[in-house]
Amino acid sequence: MTAQLIDGNALSRQLRTEVAQRAAALKTRGTTPGLAVVLVGDNPASQVYVRNKVKACEDSGLHSVLEKYDADMSEAALLARVEALNNDPAIHGILVQLPLPAHIDAQKVIEAISPAKDVDGFHIASAGALMTGMPGFWPCTPYGCMKMLESIGYDLRGKHAVVIGRSNIVGKPMALMLLQKDATVTICHSRTADLKAQTLQADVIVAAVGKRNVLTADMVKPGAVVLDVGMNRNDEGKLCGDVDFEGVKSVAGWITPVPGGVGPMTITMLLVNTLEAAERAAGA
Ligand code: GUN
């Protein structure tokens, strides 16, 4: 058996077309959705990410502002910028790119963002809303994974989902989203005693560790859905995920490739959240 691919590029195109249409409709009512992206320092990966986010906004008719600051910017100065953006009516979403330089307390900066503009979904108010099923913004990467499952018509009710990784950005929110759709959820991590014993039970596996070959073919139940959140480089310098794609695709029922899987969905869900923030602000 060869797994069917869940194409993140194709699904992103479809969702971004919908975003563009809704943004255009909102514009005719006097509101252009606006995203502010704040980058402190010159981390090369972050520079690529923020450029892609700003470009995606432009392509979908969203207004975006990129604010770049030197690595020695003070925490107080950054907090003051966040406060100014909180009060800027042209800005509906605020994203402070992580990681921040070590002298800045990232959590403090995240908590300074107005929850109404927290399109990354990293604020504790957003995390609390997700946990309790209240309206709020969901972190973009796990949200994108949920959209991918929805796109193949996958019904999570009563299914066993195994999430590998327990980060605040992916693993933990992913588990809560799967739980909200009535899956039975197991969270595995670096201290899990027997990862293979867990993944072999899974109908759905989300790999979000940041390490190559965390999931291999012998660890997957035939027909399982495998979502690969990883972004790594192999020995040849080629982009690869956490999953041994070549091996696992012969066992799984569905699988996301890297690149072209979860990655584009993360930016797409940022656009969706920004649009949603603007619609809420406009009372739409
Ligand atoms: N750094 C890596 N991924 C992300 C993300 O999704 N949001 C922010 N703010 N920083 C990141």
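Residue positions begin at 1 at the first shown residue.
Note: Cβ is positioned from N, Cα and C throughout, glycine not excepted.
Heads up, TrEMBL stuff is auto-annotated, nobody curated it.
Database features, via TrEMBL:
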type: BINDING; residues: GLY165, ARG166, SER167; note: NADP(+) binding site
type: DOMAIN; residues: 6-120; note: domain 'Tetrahydrofolate dehydrogenase/cyclohydrolase catalytic'
type: DOMAIN; residues: 139-281; note: domain 'Tetrahydrofolate dehydrogenase/cyclohydrolase NAD(P)-binding'
- Quick one: of GLY165, SER167, which of the binding-site residues has the smallest count of other CB atoms within 10 A? SER167
- Task: Return one of helix, strand or coil for ARG166 (NADP(+) binding site), based on DSSP.
- Result: coil
- Could you list the residues of the same chain, at least six apart in sequence, whose Cβ is under 8 A from the Cβ of ARG166 (NADP(+) binding site)? LYS172, ILE187, HIS189
- Message: An 8 Å radius from the center of the GLY165, ARG166, SER167 Cβ atoms defines the neighbourhood of the NADP(+) site; name the other residues of that chain inside it, in order.
- Response: VAL163, ILE164, ASN168, ILE169, VAL170, GLY171, LYS172, ILE187, HIS189, ALA208, VAL209
- Message: Mean pLDDT across the domain 'Tetrahydrofolate dehydrogenase/cyclohydrolase NAD(P)-binding' (139-281), rounded to an integer, is what?
- Response: 98
